[in-house]
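Trainee: Found this in TrEMBL, in case it helps:
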TRANSMEM  B:16-37  transmembrane segment
TRANSMEM  B:44-60  transmembrane segment
TRANSMEM  B:66-85  transmembrane segment
TRANSMEM  B:97-122  transmembrane segment
TRANSMEM  B:142-163  transmembrane segment
TRANSMEM  B:191-213  transmembrane segment
TRANSMEM  B:225-252  transmembrane segment
TRANSMEM  B:273-296  transmembrane segment
Amino acid sequence: MRREPILNAVLMVLLLAVPLWAHLTDEPFTITLATRAVIFAIAGVGLNVALGLGGLVSLGHALFFGVGGYAMGILAFHAQTYAPLIDWPMTIEGTKSMPVIWLVAVVASAIAALGIGALSLRTTGVYFIMITLAFAQMFYFFAISWPAYGGEDGMSIYVRNGFPGLNTMDPIQFFGLCYGLLLLVLFIVWRIARSPFGLMLGAARQSQARAQALGQVPYRLYLTAFVISGAITGLAGALFADLNRFVSPTMFSWQTSGEIMVFVILGGVGRVFGPVAGAALFIVLEHSLGGLSEFWHIYLGAILLGVVLFARGGLYGLLAGRERAHD
Amino acid sequence: MSTILLIEQTLNGLQFGVMLFLMAAGLTLIFGVMGLINLAHGSLYMVGAFAAAGVAAWTGSFLLALAASLIAAALAGVIVEMLVIRRLYDRDHLDQVLATFALILIFSEGTRWVFGSFPLFLDTPDWLSGTVMLPFGIEYSRYRLAIILVGLAVAAGLFWMIARTRIGIRIRAGENDREMIGALGVNISRLYTLVFALGAALAGFAGALIGAIQTVQVGMGEPVLILAFVVIVIGGIGSIKGAFIGAILVGLTDTLGRFLLPVLFGLVMEPSAATTVGASLASMAIYILMAGVLLFRPQGLFGARAT
């Protein structure tokens, strides 16, 4: 049997076992760390659709992470202040229900990805990197200067949003929700990667001219991938905001974009489960190195540099060998 | 009164644009010659500012501080180029983005480790503080005027260097065909290090000049870096002329947008709402400008190729 599926299984079991063990030994902080890892993993899996499958180096995925976060923040803010979101043409109230918030976050970030993707994908290469980065920065500054939802200070949501039948304030139950969503997202992305669309996207990544010769329009393939990618990252943003019960412009910052990309790279670009490994490794590093030194970003930078220069496949490349070229 | 304020703000925009040019010129040269996207350019800007603040505190001389910023940034550039960047020229853009992102982390935390988290201050010298009277009774900050003049002088020098000197010819030749100039006996590796050091020195110099207006702190470089990216996208990658026009456009749009938009909205709205909407829109103005350029000329105003 190939090593990659085994690695996937071990990873997912570990990611479930650690918080369960922490729950039994009553260590809620570890559960929160695991929840962070799972949420970051969802964001990374989202970026991986654009980056790994489509070869689109987006340095602006914080934008969708932030849009998801603010979707949650704005809806919950209106629910907790009992002020309707809009009065006209019909009254729309805020909500504290997670499924509704998730839906809004996914739709809002998909729309954002459609608009920004349609513009950015007119260019390729370095232009695309710079433009995605710039658009994310635009949202960052907008969030800072728009005072209605906290401006620079962000806003706090006092009680975590609810999910029917669950007590989301219980760390392990909230973790379970996020873990379930991660499984769902992984399944969807795995299906996409093997669908005719996913295969065509991979073909366009490897050779745009050949995809065109087969009658495909690369722009459309890329845009679809970018929208799916943005929507998944938006979902992660909503979950992250709910985990912290706090949203702030930091979610839009370029550091966030960089970190989401780091999850993908540490794990291994283009592998469906790669970002999960990367996000878990990131949290472990943050926790262990963060305890070691106040300046742990130096070590993170050094590790990242080492991975990029010497171990290009990331964790999966090291453990599971080279990616298979054919199915 | 309002016209005078408008002219003042235009000058501020010009000053901002000229500083952006110093950043964007290095970035666009490095991309044009080596095909490298360098996120750590903002870190070199920061290195320049910190070196200037350190030397100014030590010697008290502003000119020495400026010299220190040039030397420190160029030196940091050379070291980084030889240790890391050199390995990235043949890699794809993703690897370049990640490696230079890693460099940002190392530079920022390293600086925080050496200088602490508190911002430093770089004072303008006496002979540059205060205001100066311009024609038509406009009073303007002497230091900002000096920045504009120095920036324009540096820009002119850069244009002259690229167009007239032997090194400029090599740089332009490197942009066109790097294998060919290697075959003609130019030491490419040394040319690359030189171009990188030049870009780094320009960034460090900009950092020092701006450091005297704003505070010198960790993370000061990245917002400027992203603005420089916007400049390059507007001007076209690899074009120094594009970088100059783009930088002035961005500088003016941002400064005048912040000044004029609240006033404009004030004509149709109540003042407090106008300030809010105007300020929010002004913070997005340059990105809207960028989106507009993208719609009509995806390769930028002066870009020849869309790579």
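A Cβ is built for glycine as well, from the same backbone N, Cα and C atoms used for every other residue.
Remember, TrEMBL labels are computer predictions, not curated facts.
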Trainee: Going along the chain, which residues at least six beyond the ends of the transmembrane segment (B:44-60) come within the CB cut-off of under 8 Å?
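Mentor: For the transmembrane segment (B:44-60), the sequence-distant neighbours (Cβ-Cβ under 8 Å, at least 6 residues beyond its ends) are 23, 26, 66, 68-73, 76-77, 107-108, 111, 115, 120-123, 199-200, 203-208, 210-211, 216, 218-221, 224-225.
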Trainee: I'd like to know if the transmembrane segment (B:273-296) touches the transmembrane segment (B:191-213) in this structure, counting it as a touch only when three or more C-beta pairs sit under 8 Å and are separated by 6 or more positions.
Mentor: no
Trainee: Among the recorded stretches B:16-37, B:66-85, B:97-122, B:225-252, B:273-296, which has the greatest number of Cβ pairs closer than 8 Å to the transmembrane segment (B:142-163)?
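Mentor: Stretch with maximum Cβ contacts: B:16-37.
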Trainee: Is it true that the transmembrane segment (B:97-122) and the transmembrane segment (B:225-252) have 3 or more Cβ pairs under 8 Å, skipping pairs fewer than 6 apart in sequence?
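Mentor: Contact between the transmembrane segment (B:225-252) and the transmembrane segment (B:97-122): absent, because fewer than 3 Cβ pairs are under 8 Å.
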Trainee: Same chain only, please: residues at least 6 beyond the ends of the transmembrane segment (B:66-85) with a C-beta under 8 Å from a C-beta of the stretch. Say none if there are none.
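Mentor: For the transmembrane segment (B:66-85), the list is 36, 38, 40, 43-45, 47-52, 54-55, 99-100, 103, 192-193, 196-201, 203-205, 207-209.
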Trainee: Near the transmembrane segment (B:225-252), which residues from the same chain, at least 6 beyond its ends, have a CB less than 8 A from one of its CBs?
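Mentor: Residues 10, 13-21, 23-25, 27-29, 31-32, 39, 41-42, 45, 155, 158-159, 162, 175, 286-287, 289-290, 293-294, 299-304, 307 contact the transmembrane segment (B:225-252) from elsewhere in the chain.
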